[in-house]
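Enquirer: First the structure, which I've put down as structure tokens, then a few questions once you've had a look.
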Amino acid sequence: MSADAAAGEPLPRLCCLEKGPNGYGFHLHGEKGKVGQFIRLVEPGSPAEKSGLLAGDRLVEVNGENVEKETHQQVVSRIRAALNAVRLLVVDPETDERLKKLGVSIREELLRPQEKSEQAEPPAAADTHEAGDQNEAEKSHLRELRPRLCTMKKGPNGYGFNLHSDKSKPGQFIRAVDPDSPAEASGLRAQDRIVEVNGVCMEGKQHGDVVSAIKGGGDEAKLLVVDKETDEFFKKCKVIPSQEHLDGPLPEPFSNGEIQKESSREALVEPASESPRPALARSASSDTSEELNSQDSPKRQVSTEPSSTSSSSSDPILDLNISLAVAKERAHQKRSSKRAPQMDWSKKNELFSNL
């Protein structure tokens, strides 16, 4: 940035617009008693709003051509002739007045020294500062993402803003702010979302509730609002903005995905380690897990087969993983165990003699 700009010298603004489906999204008009064409209204979410164009700006140049003395129709024709993109040099009322007092002719060249000074830094120097300034830039960016408290007193025409709700997202939003209104003077902007009205949280409230809260404040209203970027930041932090965040510490976004993954893995492991198993079941499960990584596991299963067949037959893991030979052997043992034990002949004779 140039020294003059850093010292606070007023400068015009260059707004570059690309035509959208609904045009550029601003209204141009002339004012009685004033020379030139002025921006009357900037539609929310339009290319004009994204370019930085503001209601009340005076149009100085269109694509580098001065239009200060042209008629309304001539200016409109120039903008339409630009087809799908246009470059507008504008000044806000305050800057316009200061430049006139200084006797400075407003033109696009006023911005070029600033651009050259920004590009004059050699790449090596830029690389040197880049790593060191990155964290500071991020911190500065976080400091900017704060709610704003807009305090306004009702004027002859009210506060000078329109409130609306959006079906696609919850909350009450500022649709438009009238030029030179109490709302504009308070810093209220189009697309701001209302968080508090006169210190009362409006989260989850309906349109009628918010309107009633504003009217309930009498001739003064204090609106805590957030712009779109700040709103998204606080939602990532899972925190509702409040007046404490106007100058207090800001929350930090967090991600617990990895923590949840770790805890879920522990949840799967812990029951297996805590639930008591017989020695037979433990040996079987170890053999089964090794089977996925080794071709020798069947040999280990045969060698580690226990002598007790009644408990092994109740374990489904063993039944699913035994070899054919082991299965035949168990079936043979099972049939043998069902046969009646042989009777001692001496007892047999004794039994018959008793009958």
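Counting starts with 1 at the first residue shown.
Cβ coordinates come from backbone N, Cα and C, glycine included.
Take a look at what Swiss-Prot says about it:
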MOD_RES   Ser2  phosphoserine
MOD_RES   Ser2  N-acetylserine
DOMAIN    14-94  domain 'PDZ 1'
MOD_RES   Ser46  phosphoserine
REGION    110-146  region 'Disordered'
COMPBIAS  110-119  compositional bias 'Basic and acidic residues'
COMPBIAS  127-146  compositional bias 'Basic and acidic residues'
DOMAIN    149-229  domain 'PDZ 2'
REGION    244-355  region 'Disordered'
COMPBIAS  259-268  compositional bias 'Basic and acidic residues'
MOD_RES   Ser264  phosphoserine
COMPBIAS  270-286  compositional bias 'Low complexity'
MOD_RES   Ser275  phosphoserine
MOD_RES   Ser285  phosphoserine
MOD_RES   Ser286  phosphoserine
MOD_RES   Thr288  phosphothreonine
MOD_RES   Ser289  phosphoserine
MOD_RES   Ser294  phosphoserine
MOD_RES   Ser297  phosphoserine
COMPBIAS  303-323  compositional bias 'Low complexity'
COMPBIAS  345-355  compositional bias 'Basic and acidic residues'
Enquirer: Run through the Cβ atoms and count how many others sit within 10 Å of the one on Ser46 (phosphoserine).
Expert: 19
Enquirer: Where does Ser46 (phosphoserine) sit by DSSP, helix, strand or coil?
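Expert: In the DSSP reduction, Ser46 (phosphoserine) maps to coil.
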Enquirer: Please count the residues of the domain 'PDZ 1' (14-94) that DSSP assigns to helix (H, G, I), strand (E, B) and coil.
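Expert: Helix, strand and coil residues of the domain 'PDZ 1' (14-94) number 17 helix, 32 strand, 32 coil.
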